[in-house]
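As written in Swiss-Prot, here are the features:
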- 82: active site, nucleophile (ACT_SITE)
- 51, 81, 82, 85, 88, 165, 301, 361, 362: 1D-myo-inositol hexakisphosphate binding site (BINDING)
- 31-40: disulfide bond (DISULFID)
- 71-414: disulfide bond (DISULFID)
- 215-465: disulfide bond (DISULFID)
- 264-282: disulfide bond (DISULFID)
- 436-444: disulfide bond (DISULFID)
- 27: N-linked glycosylation site (CARBOHYD)
- 105: N-linked glycosylation site (CARBOHYD)
- 120: N-linked glycosylation site (CARBOHYD)
- 207: N-linked glycosylation site (CARBOHYD)
- 230: N-linked glycosylation site (CARBOHYD)
- 339: N-linked glycosylation site (CARBOHYD)
- 352: N-linked glycosylation site (CARBOHYD)
- 376: N-linked glycosylation site (CARBOHYD)
- 1-19: signal peptide (SIGNAL)
């Protein structure tokens, strides 16, 4: 496969953690913070699936988040989704068309619908919103603070997929990280700012563990779309009927209903730089309907990129094998989507670093989490009935891949242990690991953790891609 890499800097990294008490960015609203993420309108915003802004799941964690006093973090791999963005180009056109049709055909716009009469669709497509940029600055600050005994003296090695919103997210993470360091009187004042070290091209011509493109059978799959269509047919017609009764002259398809619901999160994350203003589209739907919408988006990701798609998890195998290499300081062994040109070069894939941060897309994160076995306890999701997180073993799109989602794979050395221990945090939720013996703090011994990644080490079912 061909390769094009933007190599901005190479850092030498070594290190160990506690937590610097640095203040949040000054323009935060009371419900949006570095430590807890987006807690504005939680009864709504936490039901926006993959369009929900990141919010901390610490209170939902089955294990404590704190690191024991007798342990020291020695390694961290961060994996993050880009921040809040405008809709994709195709969705922007679809949303605008739905609104235009309503404006053309409705004979009256009563009450909560009044804003629609003169509404002007003005969102762009694909790019980060100002709020999305701030999310990644916050993540950089959070990462610095959480691992400050390391970050005061060490820079993370940073990679990003070559999508503008992903690359910019990585750059904003760097800004937040460095701003936090500059505000820390205990930091090394001579340590240069981190930079985005490697940008990996996207597309079918390139192997890239941070963006899926090359598994032909997977790219042609319609499993996710079919599952989403099945559930949409269950709940959307009743909503369409209600809206049509409220807006005489209007006829709405199931897709129109989903388009109008999507306008709620997308406009909310676009209106202000801290998303403190709720879009008027949000008030057009009931709490029960938002629960259904949230489940629809979870279903779509599960059957599109997760365990519900036979070729979903294998899309994350390459990254899982890179993680194994970094944890064990050994060369990458993979025959799936790893870019061997990059990973064989210590300048573009160092094995001796302490801190790593990779930036990608929501779909890739879903596949990676399944390749790591984090949701092995999640059974096939119903396509006709809403299931909550107690029924899905903690899986939901809003809990897993919201805007600015972040996973931290930590390795720690503890006084009573000869071997380092590994745990995984997804949006501040310490994950119940599968495939290895877990202690009462959610940790496995490193060698057991690696051994448990048997699906990834065997290359999954990659042969079925072609």
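Every residue, even glycine, has its Cβ placed from backbone N, Cα and C.
Known features from Swiss-Prot, placed on the structure.
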| residue | record | CB count, 10 Å |
| --- | --- | --- |
| 31 | disulfide bond | 17 |
| 51 | 1D-myo-inositol hexakisphosphate binding site | 26 |
| 71 | disulfide bond | 21 |
| 215 | disulfide bond | 20 |
| 301 | 1D-myo-inositol hexakisphosphate binding site | 28 |
| 339 | N-linked glycosylation site | 26 |
| 376 | N-linked glycosylation site | 16 |
| 436 | disulfide bond | 18 |
| 444 | disulfide bond | 22 |
| 465 | disulfide bond | 17 |
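Max Cα-Cα distance over the annotated 1D-myo-inositol hexakisphosphate binders (51, 81, 82, 85, 88, 165, 301, 361, 362) is 20 Å. Here residue 207 (N-linked glycosylation site) is compared against the recorded positions 82, 88, 105, 120, and the shortest C-alpha distance is to 82.
Most Cβ neighbours within 10 Å among the disulfide-bonded residues 40, 264, 282, 414: this distinction goes to 264. A Cα-Cα distance of 25 Å separates residue 82 (active site, nucleophile) from residue 376 (N-linked glycosylation site). Neighbour counts of Cβ atoms within 10 Å were taken for the recorded positions 88, 120, 207, 230, 352; the minimum is at 120. Of all the recorded positions listed here (82, 105), it is 105 whose C-beta has the fewest other C-beta atoms within 10 angstroms. For residue 362 (1D-myo-inositol hexakisphosphate binding site), the same-chain residues that are 6 or more apart in sequence and have a Cβ closer than 8 Å to its Cβ are 50, 81, 301, 397, 401, 405. Residue 414 (disulfide bond) sits 12 Å from residue 444 (disulfide bond), taking the Cα positions as reference.
Put simply, 339 is the one of the recorded positions 120, 264, 282, 339, 376 whose Cα lies nearest to the Cα of residue 215 (disulfide bond). A straight line from the CA of residue 436 (disulfide bond) to the CA of residue 88 (1D-myo-inositol hexakisphosphate binding site) spans 39 Å. Classification of residue 444 (disulfide bond) by DSSP places it within a strand. Residue pair residue 51 (1D-myo-inositol hexakisphosphate binding site) / residue 40 (disulfide bond) shows a Cα separation of 14 Å.
The closest partner of residue 264 (disulfide bond) among the recorded positions, by CA position, is 31; the full candidate set was 31, 352, 465.
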